[in-house]
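Enquirer: The structure is given below, and queries will be raised subsequently.
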Amino acid sequence: NLVQFSNMIQCANHGSRPTRHYVDYGCYCGWGGSGTPVDELDRCCQTH
């Protein structure tokens, strides 16, 4: 869910970027998703 996503992002980047910057990040972070993940963070979004 989006609350867990927000918590994961805050933990992973140590608060260096606001969570909202990732809502439309890569191919899988945010709503829906398709294609090839662009990096490890996007791959994590694909998995979860």
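Cβ atoms are placed via backbone N, Cα and C, with glycine included.
Here Swiss-Prot flags His48 as active site, drawing on sequence analysis. Among the features that Swiss-Prot reports, Ca(2+) binding site is placed at Tyr28, Gly30, Gly32. The disulfide bond feature in Swiss-Prot is assigned to Cys29-Cys45; the stated evidence is similarity to another entry.
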Enquirer: Given the Ca(2+) site residues Tyr28, Gly30, Gly32, which other residues of that chain have a Cβ within 8 Å of the mean position of their Cβ atoms, reported in sequence order?
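Expert: Here the nearby residues are Asp24, Gly26, Cys27, Cys29, Trp31, Gly33, Ser34, Cys45.
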Enquirer: Looking only at C-alpha atoms, tell me how far Gly32 (Ca(2+) binding site) is from Cys45 (disulfide bond), rounded to the nearest Å.
Expert: 10
Enquirer: Over all shown protein chains, what is the count of other CB atoms within 10 A of the CB belonging to Cys45 (disulfide bond)?
Expert: 20
Enquirer: Between the recorded positions Gly32, His48, whose Cβ has more other Cβ atoms within 10 Å than any of the rest?
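Expert: Within the set of recorded positions, the most crowded position is His48.
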Enquirer: Fill in the CA-CA distance, Gly30 (Ca(2+) binding site) to Cys45 (disulfide bond), as an integer in Å.
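Expert: Approximately 8 Å lies between the Cα of Gly30 (Ca(2+) binding site) and that of Cys45 (disulfide bond).
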Enquirer: Validating a neighbour-count step here. Other CB atoms within 10 A of the CB of Cys29 (disulfide bond): how many?
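Expert: Taking every protein chain into account, the count is 22.
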Enquirer: Within 10 Å of the Cβ of Tyr28 (Ca(2+) binding site), how many other Cβ atoms can you find? Include all protein chains, please.
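Expert: That number is 21.
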Enquirer: Round to a whole number and give the Cα-to-Cα distance in Å for the pair Cys45 (disulfide bond) and Tyr28 (Ca(2+) binding site).
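Expert: Here the two Cα atoms are 5 Å apart.
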Enquirer: Around the Cβ of Gly30 (Ca(2+) binding site), how many other Cβ atoms lie within 10 Å? Please give the count over every shown protein chain.
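Expert: I count 14 other Cβ atoms within 10 Å of it.
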